[in-house]
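Trainee: Okay, these came from TrEMBL:
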DOMAIN    B:122-412  domain 'NADH:quinone oxidoreductase/Mrp antiporter transmembrane'
TRANSMEM  B:12-29  transmembrane segment
TRANSMEM  B:36-56  transmembrane segment
TRANSMEM  B:68-91  transmembrane segment
TRANSMEM  B:126-145  transmembrane segment
TRANSMEM  B:157-177  transmembrane segment
TRANSMEM  B:197-222  transmembrane segment
TRANSMEM  B:266-287  transmembrane segment
TRANSMEM  B:294-312  transmembrane segment
TRANSMEM  B:318-342  transmembrane segment
TRANSMEM  B:363-384  transmembrane segment
TRANSMEM  B:390-420  transmembrane segment
TRANSMEM  B:441-460  transmembrane segment
């Protein structure tokens, strides 16, 4: 039996990788993938806690979070497509009309 | 289990959701945006009646404790529905001129409102998360309405990426709180909570997610860009209804999940955020030359005043926050409405302050109303904005947070400069060239007049012997 600490550590590491990715990458699609990584890291945390507590609430929340992530992906890719049509690029450093 | 009773307690949300489906279907099969518009107005109005009715009913929880009804939740629902109603009534003319008038817009507004209604009554972190996401995902779509304009797509992208990013924090916070207490229900969490490292981290992350949605400093960077790149009446919807819903959820989390100070000193955190938000929001607003962007920074500053009420952490503070949300919804929807009116005559760049020179005399009623709304936003009596500020700052003084109240009043005084600046341009500057303004439509004009009348009425109401709104709100916290 692997202890819960390891699962939590793994999901914390995944969350941090996603977080750093959002902050340093320049491609909108890669940033979006990093956000998805963060959400999935949280799902892992929820499942570990759910199993640790012997309580299903956490697993139910995971289903909701998957559905939300899917809805977000639909909208997100559509927005990135709109950006690509306007700018012919998904580089977020070129999306800079609005500032201050 | 009485499922019928459960459904009845969330009736406004159900009505709005059904109206949303109807609006989308009508657009798909009848291609008539006007029918969708009527359905939207009807749906929101009926939901509003039920919400007002439940204001005076008893309070409790439904759906096995997932939501609350009556009391705070009912008041939040009323404010959200009012914001949505006013934004929809002023949207039709404006969107027609932008050539964006189609039924899907109303569908998205209604689905988003459903999310907000859920958020305003959430008694469980799962409800809170799903409602917040229902609201946000529809708002991402609405932010990108002008998808063929570069700034429209840009604002949608910024809102989406940062919003999804903050969702990650919110959800991680929920997961850690769940891990620490084995519960997601707010009152069960309060019963099981210990100030462990896990619980404190979780609550902190949950707060980060909520701070982001209400645009509190230092999580405000998306606000001006999104507000500027979104069609103005939709911006009004985001700034009023979305913000109110999130603040009501914040009040519910603070009162139900963190009732005692033994599980972390969150009031201090809120104080720091309130001070930062008020100072940064007001200072940057001083330097804005675009009226829409100025209002975006002003909405950040108003989030700061609301945070003062939350930081006070007493009954008067929470009641003050609720009253302020009502006041803010009325006056801000009105201000954005008048700006939308000026803008739709001349296109998107007509929000620069220079172009407002001499406009006040063109259509006098619009100029006067913009002045009323801006006076109210600045907190000058006898407008509702003053009463709202008075309640939150008085609560802070009552809680012994005198420095916080002083900073708030000073920041509010500084804000008078940038609101009055717009009026100086409206009335005391010569126009560079002659503009012709269209006559406002019937619905548009009378919605704004109603908002202006409410702004003044609720500014004098507290001194009348029939004063009732604040007493009603206070009754939720004294029982």
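Any Cβ shown, glycine's included, is placed from N, Cα and C.
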Trainee: Which bits of the chain, at least 6 residues beyond where the transmembrane segment (B:157-177) starts or stops, bring a Cβ under 8 A of a Cβ in it?
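Mentor: Non-local partners: 125-126, 128-129, 132-133, 136, 139-140, 143-144, 184, 189, 198-199, 201-210, 212-213, 219, 221-222, 225-226.
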Trainee: Can you tell me which parts of the same chain pack against the transmembrane segment (B:12-29), counting only residues 6+ beyond its ends and a CB-CB cutoff under 8 A?
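Mentor: 35-36, 39-40, 42-44, 46-48, 50-51, 54, 77, 81, 84, 102-104, 106-107, 109-111, 113-114, 117-118, 121.
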Trainee: Cβ pairs under 8 Å only, please: of the recorded stretches B:68-91, B:126-145, B:266-287, B:363-384, which one is richest in them relative to the transmembrane segment (B:390-420)?
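Mentor: That would be B:266-287.
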